[in-house]
Amino acid sequence: MLPKELLDVRRAKGRIFPKFADERDYELAEKVIEIFKKGLGKKYGNLMKQARKLENAKNFKKVRGFIRVLENHCIEKSCAFDVDSELEPRKVRMLLFEHGFVTSKKERDRVLEYVARYFSTTPETVERAMYADREEELILTKFRPLTPDNLIKLYNLSLLQTTLFNALRLTFWASDRHKEIFRSIKRLGLMYELYEDSGRLMVEVTGAATLLKMTRKYGVSFAKLIPWILRAKNWFIRAEISDFDRLYIMEIDDRIRDLFPDVEERLSYDSTLEEEFARKMQMLGYEVEREPDVVKAGKYAFIPDFAVNLGDKKVYIEIAGFWTDEYLRKKAEKIKSSSIPLILIAREDFGDGGANVKDVILFSRKIPYGEVIKALKRYKPEKKVEGDVVELENFAEVPSEYVIAGKYAVRREIFEEIKREIEVSNPSTLEDIKAILKKYGLGESAIRAFGYRVRWIGLGEAVIERTD
């Protein structure tokens, strides 16, 4: 994206439209690239002096925008700026400033000589090193140029992303690449709504301007979605943008697709939470499917993260990214009214609200799997079960005469009987306690319920310890 001061748009009659670069700006883009080409081995400050010569009252935002895009491209891909100093500037400054404020040239020279002796160098080298890491002092050491056409297209993408940073909401339609787009929405943690309009699946994404906190973080994630939309064969974007306390509408479609690059936005995505969820649920005996297809219900649709198979029925689970109270409340209402078997989970520290929403499982550090299982059971028809030991999945709610032991519900008197037998036998190995549990139809998951835990002391060897 570009800094807000480089936002270059046209506003008229409640509409806003970015002033995209085109073939008329080819020569300007070429000149900016040429400055970087000829700037190898020179200071960044010198490059900027040359670039300012290209500026006038009409094009200064575009010139500076081209430079910013070129710099971003440099940092990511094609060039490098290095410090022109054999000393580390930060250490030099720390040592110089330890001597306090100097009031004369004589004092200044004395401090420089002292620091030079410390680093075994000359005062001139110390003076050069003092601010060698400032932006204007950095040296351009490598540059693989873009073509003017690519620079123009990358600039247009950055300008569009910057225009949309203050969006209240973004509504779009794409003809294809739906799975890529929806996966991006989820991985970026964006607040969204899917609905049908005239046979088309429309997507409405909440903009950063609606949030009271985390605006910058959400806005950057929001911007990263745009390239995924633009890669579709056909697309349409409509945005409501807040600008200087006024609301503007921006509408663009694939008729201007040639103004943008065909780039795939790299997403840094931490899948640890999803991997842990799948692993834990599988350990609890559930069959879990990751990233199932979009689930439609009436005119609405949802992008679940998981599908849990309960016999011949699927229950969907969605872990929300960023959220507000209103967003979660509306989503929960739609789930309820559509009768979709979907469980909504939200992380407290990603929220912009009081987190007081019914029918949403909230968590801070770890997902409360007990609540998830309880919610899953609401979707499973309860069987009439009898027996001393019953698998938990057969109960929607465990009767009071049973005690939960891992994946099992054990009749209370039988539970006490097993507990006494374990205490009398005083097990020391995993095999000792497993033998007792097996007699009653219980597995390893029940061990903790009886006051013991497993400690592995080697490959394939474990001992039993009391938990208290």
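Residue numbers in this text run from 1 along the chain shown.
Every residue, even glycine, has its Cβ placed from backbone N, Cα and C.
Features reported for this protein in Swiss-Prot:
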{"type": "REGION", "residues": "1-146", "note": "region 'N-terminal domain (NTD)'"}
{"type": "REGION", "residues": "168-260", "note": "region 'Central domain (CRD)'"}
{"type": "REGION", "residues": "270-372", "note": "region 'Nuclease domain (NUS)'"}
{"type": "BINDING", "residues": "Glu275, Asp305, Glu318", "note": "divalent metal cation binding site"}
{"type": "REGION", "residues": "400-468", "note": "region 'C-terminal domain (CTD)'"}
**Request:** Summarise the model confidence on the region 'Central domain (CRD)' (168-260) as a single mean pLDDT, whole number.
**Result:** 92
**Message:** Counting by DSSP secondary structure, give me helix, strand and coil numbers for the region 'Central domain (CRD)' (168-260).
**Reply:** 35 helix, 37 strand, 21 coil
**Message:** For a quick check of packing: other C-beta atoms within 10 Å of the C-beta of Asp305 (divalent metal cation binding site), how many?
**Reply:** 19
**Prompt:** Quick one: what's DSSP say for Glu275 (divalent metal cation binding site), helix, strand or coil?
**Reply:** helix
**Fill in**
The correct three-state DSSP answer for Asp305 (divalent metal cation binding site) is coil
**Asked** Around Glu318 (divalent metal cation binding site), how many other C-beta atoms are within 10 angstroms of its C-beta?
**Response** 19
**Fill in**
For the region 'N-terminal domain (NTD)' (1-146), the DSSP helix/strand/coil residue counts are 81 helix, 18 strand, 47 coil
